[in-house]
Amino acid sequence: MPKRDDINSVLVIGSGPIVIGQAAEFDYSGTQACRVLREEGVRVILVNSNPATIMTDPGFADATYIEPITSEVLEKIIIKERPDAVLPTLGGQTALNAAIRLDELGILAKHGVELIGAKVEAIQKGEDRQLFKDLVIESGADVARSHVAKTLEQAVEFAEDLGYPLVIRPSFTMGGLGSGFAHTRQELERMVADGLQSSPTTEVLLEESILGWKEYELELMRDTADNTVVVCSIENVDPVGVHTGDSITVAPALTLTDREYQHMRDIGIDIIRRVGVDTGGCNIQFAVDPADGRLIVIEMNPRVSRSSALASKATGFPIAKIAAKLAIGYRLDEIPNDITKVTPASFEPTLDYVVVKVPRFAFEKFPAADAELTTTMKSVGEAMAIGRNYSTALQKALRSLEKRGSSFHWGPESRSVDELLETSRTPTDGRIVTVQQALRAGATAEQVFDATKIDPWFIDQIVLINEVADAVRDADELDAETLREAKDHGFSDAQIAEIRGLVEQEVRDARHAADIRPVYKTVDTCAGEFPALTPYHYSSYDSETEIVPSDRRKVIILGSGPNRIGQGIEFDYSCVHASFALADAGYETIMINCNPETVSTDYDTSDRLYFEPLTLEDVLEIVHVEQQAGELVGVVVQLGGQTALGLAKGLEAAGVPILGTSPSAIDLAEERGLFSGILDTAGLVAPRNGTAVAIDEAVVVAEGIGYPVLVRPSYVLGGRGMEIVFDTATLHDYFLRMADQGIIGEGKPLLIDRFLDDAIEIDIDAIYDGTELYVGGVMEHIEEAGIHSGDSSCTLPPVTLGRGQIQQVVDAARAIAEGVGVRGLLNVQFAIGAGVLYVLEANPRASRTVPFVSKALGIPLAKAASLVMVGTSIAELKASGLLPERDGSDVPMDSPVAVKEAVLPFKRFRTKDGLIVDSVLGPEMRSTGEVMGIDRDFPRAFAKSQEAAFGGLPLSGTVFVSVADRDKRSIVLPVLRLQQLGFEVLATAGTAEILSRNGIQARVVRKYSEEPAAGDSPSIVDLINRDEVDVVINTPSGRTARADGYEIRAAAVAADKALFTTIAQLTAAVASFDAIRAGFDVTSLQDYAIAREARR
C-alpha cells in the first residue's frame, strides 16, 4: 500500500552516547531514517543527547533536540511538537526501552501518539526472555534449556537444575551487558546480581551452556503484507561464548549447507511473523552444535541492530532506510533499490564476494582488566573488508585494525606449539593471529579445532595463507606469478617484504614493474545481474576494473578507520561534512574508509566510496586509479584523526598533493624542539619540558624538571600512553612498557612535561586560512589539568574566564597558526595556572570537539575548514553566509551554555577477580562517547549533561565522603550544601573529623580495609552493595591514585551510584541541584539558531 496519509510528523528517538554495544551504527541508521522521512514529506522531530552525531545536525530534522533521553524530556517534546507517531526502532536499545517506558506510563495514549516501526507487543515478545522462549517453542524450533529468574534466590535454585557452567542473559539490555558464563555458585551470584541490576525489568535468563557451538545471525525485514526478505546471513568465526560484537564475523555464512541455511531461514521467517514485526527489520541469532547439527534459536532484536549496519554495508541493502519507509506504510515491493534503480527491496541481495568484520579492542587503556572475551561485549570499534575470497577479506580486515601485531606475520616466534595452543584456548583479542602462529609452528588443524572450536573450514583457510607465505619465501625470485598468488590471498606489500627480507617499497616497485595492480569492483546487491548506479567499490586482483572515468575535479577524503578510544565518531563527523561541502562546491568527493558503523561509509555520502584499509599501499593504489580516471586535486588528511595524518608523509613522498596544512607543518606542531621555537618567537610559554628516546635521557630530563612529570609518546591520539609519573622507578617501568609497544624509539621520542597541578585547562577550535583566524569556540574544562581533555567535561562558552583571558587565548592561537603554517583546522590546548597562560599542545587537524562546538554555537566548522583547504578564504566564507560574521570567541552574554560530558565504560571491564576496573580519571583517555547539555545557564546545562550521561543525580538520600588530604579544605562547602539540601552525610574517620570542625555532622563508617570491631557497623562497601548510599565522593591521593579507595569506587560503579572523583565535578553538580528540582525546559537547535540570529 502507499504511504500512510495519517502520519505527517514523526518523533525519532536516537541512541544517545557512544557506548560499548551501541555505537556509531545507530547514527548511521538514524541519519538514514531522518533523510528518507523528510524526502517523503514527513516532518521529523529528533531527540538525541549525542552532539558528535550527523543525525543531530539541524539539516537532518525539522526540530532537533539535543536533550537527555528520558520519559520526562520525551513527554515535554511530545507536548511541544505534537508528533503523530514515535519511531524507536532505529535508536538501539536506548530508544526501544524509552518507547516501552512511554507506553507503560500512558504518555503515548495520553497524547494520542502511535508507536511505529514495531508494536509494543512485538518488542515485548522479542526482548522478554521468557515470552520469546515460549514463542520459539510454539513454532516448533528448538531453544537451549533455560529458566527466567527475577531474584538471586530463584537463580540459585534454577542453577541446580541446569547444572554448571551456564549462561546468564539479562532482558532488555544491549551488548551483552550483565551477561556471562558462570562456572561456580560464587560466579553465578555475582553475575546474576549484575544482570538483575542491568535489566530494566529486573530479570535474567539462565541457560544451559552451549559453549563451543557455531553461531549464526540472520537479518530479516517484513512488511504489512507479510512480504519477508532475508537480507543477509552472518557467521561468527569465534564459537558461542564470545559476544557476536567481539567475534570475527563473515557474510554470507560460509559453512552452512544449502539445506541447513534454508531450515534456518524458514525458522527466522516463522519467528518474525509470530513476534509481529511487520513494519521493519530484526536480527535473529542461532547456534548449531558441530557434533550433531542440533540447531537452536538464541535470541532476537526486534529493531535495527549493530549487525544491521554491518549487513547494510556488506550487501548495499540500506536496512535503516527501508525500515523507515516500512514504518510509514510502504511495502517492500513498493520501495526501489537505490543501487540498481530497477529492482525492488523485495529482491533479496546476492553476494559474489566475501565480507569480514574484525573487532577493535582497547585493553591497553585498562591494563588491570581481564582480557578474556565473554558474552559481555568489550570491543570499542570494528573494521570491515570486502574480498573475492575469505582469505583476502580476512587479511584486509586485520590490517585495517591499525594495531601492531594484528595482522598475520612470519617473523621469529619464541613460543612452542603447545604454548600457542594453550594460549589459543582462551578467546582474546588477537587469538586469530595466535592460531596462525600455532599452525605455522606445526600444530594440526585438528589440534587447533580442539583448542578453539573454530570451524575446521576457517582453520584450513589460515593453513592456506601459511602455505602461500611459504611459497613466497621459497621462490627463487619475486616474480609476477608469486606476487599475483600472494595478492590473490590478501597479502600486503609489507607482509611480502617481511617474508622476503626486503623493504616495503622494493616489493611495491617489483609489483608495479610486473604491472600487478588492483582493480576495483562494485557492491551491487545482485552479483552483477543488474548494473550498479552507485559507485561503492572494493579492491581485487582480478583483470577488469569497474571504475568509470570522470571529468570533474576530484578530492579524496581519508576517513578515520575503526572507532577506538581517542579516535571515534567525532572524526567521522568532520569527514562527512567535508564531503558534503566539497560536493556543494562542485568537486567530486571520494571517501576511503573501512568502518562499517559510520555515516562516511554510506554509499550516498560521497560521490565514490572505497571500502578499503587505510594503509599507505591501499591509499596509493586508489590515488593511482583515480588519477587515471580524471584530475585529482588532492587528498584531505586532517579530518581522519591520527590514522589519516599518519599517511601524510608517505603520500607526499609519493608525489600526492596534500590539501590544507602540509606534512612539514604538521611536523612543526608535533616535534617538540621545532614547536618550542615557534612558541619562543611568539612570546608564548609552555610548561618546562624535554624529550628522550632512551631511558637514561628520560631520567635526566625528568629530574631536571622535577617530579611529578607528565609523560607521553609523540604522534598519538587520546592520550595513549600518557601518565603522571612521581619518581624515577615509576619512570623506568613506564618507559619499558611503552618501548615494548613500539610507540617510543628513534623518530618517536618520549615527551616529558612539568605537571601543572590546580590549573584550569582550556581548548580552542579554530580555522586559519593563512591570513585570518576564525574561532569556532573556546571551551573551559571543568576538571583540573591532569585529566585528559576527552574525559573531562567542558563548558562553552567558558563560565569563569574573563573577556581578557579569552582574548589572550585567541591571540596565542593566532600566533601558533601563523608560526606552524596551518591551512584549515587547528586545536590548541592551554592551561592557566597562577595567572600564567601555558601552551600544552597544538594539533593542526580536526579535534574531537569540532561537532560539540558546531552544535553549541551553530558554526559549521568542518564544512568551512574543508573549503579553506581547497583555497577559499575565511572572508569569502563569511560573504557567502556559511560562516557568521561574529566568531566563537565573542559569544553574547545572553547566549545559552552548552556542557559536554564524557561517558566511560568502566562497568564493561573487570579484573580476573571480578572487580570493576578503577574509575579514577587521568591523562590517558578512556571514554567511549559524549553527551551535551544545553540550556540558558551553566547549572541547568550541567544538570542535563549528567542526566544524559549517567541517568541524573539523586536529589536526596545518603552521601558518602572520603577525600585525599589535599581536597579536605575544598570539600567543606559542597558537602555543607548537600546537608542543607537534606542529604545524610557518611564519612571515613579522617574526613568526618574535618567536616565536624566545620559544623557538618557526619556518621563515621569504616573503610573496606579496616578490620571490623566487635559489633561494629558494616564497611562503606557493604553499605553501597546494600543500596544504602546514593552518592559517593572519593578522591584518590596522588601517588597511589590507582589503589587508594579502589574498592569503594568499584562498588559505586557496579551499583550505578553517582560517583565523584574530583572536587571540580562535585562542585558543579552541587550548583546544579536547584536546576534539577525546577525541572528542564526543552529547546530545539533550530529555535536556538533563530534566537542567535536575533542577537546578531
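Note: Cβ is positioned from N, Cα and C throughout, glycine not excepted.
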Please identify which of Arg712, Arg737, Arg886, Arg908 is recorded by Swiss-Prot as part of the ATP 2 site containing Arg754, Leu756, Glu761, Gly786, Ile787, His788, Ser789, Gln829, Glu841. Arg712
Which is it, of Glu208, Glu215, Glu299: the one of these binding-site residues whose Cβ has the most other Cβ atoms within 10 Å? Glu215
Using only C-alpha positions, which one of Glu208, Val242, Gln285, Asn301 is spatially nearest Arg712 (ATP 2 binding site)? These are the binding-site residues in the record. Val242
Could you measure between Val242 (ATP 1 binding site) and Gly786 (ATP 2 binding site) for me? Cα positions, answer in whole angstrom. 36
Tell me the Cβ contacts of Leu756 (ATP 2 binding site) under 8 Å, same chain only and six or more apart in sequence, or just say none. Pro687, Ala785, Gly786, Ala831, Gly833, Tyr838
CB neighbours within 10 A of Arg712 (ATP 2 binding site), counting all protein chains shown, number 20
Helix, strand, coil: count each for the residues of the domain 'MGS-like' (951-1095), based on DSSP. 65 helix, 20 strand, 60 coil
The domain 'MGS-like' (951-1095): mean pLDDT? 86
Cα distance (Å, whole number) from Glu841 (Mg(2+) 3 binding site) to His788 (ATP 2 binding site): 12
Filter the binding-site residues Glu208, Glu215, Glu299, Asn301, Gln829 down to those whose C-alpha lies within 10 angstroms of the C-alpha of Asn843 (Mn(2+) 4 binding site); answer none if the list is empty. Gln829
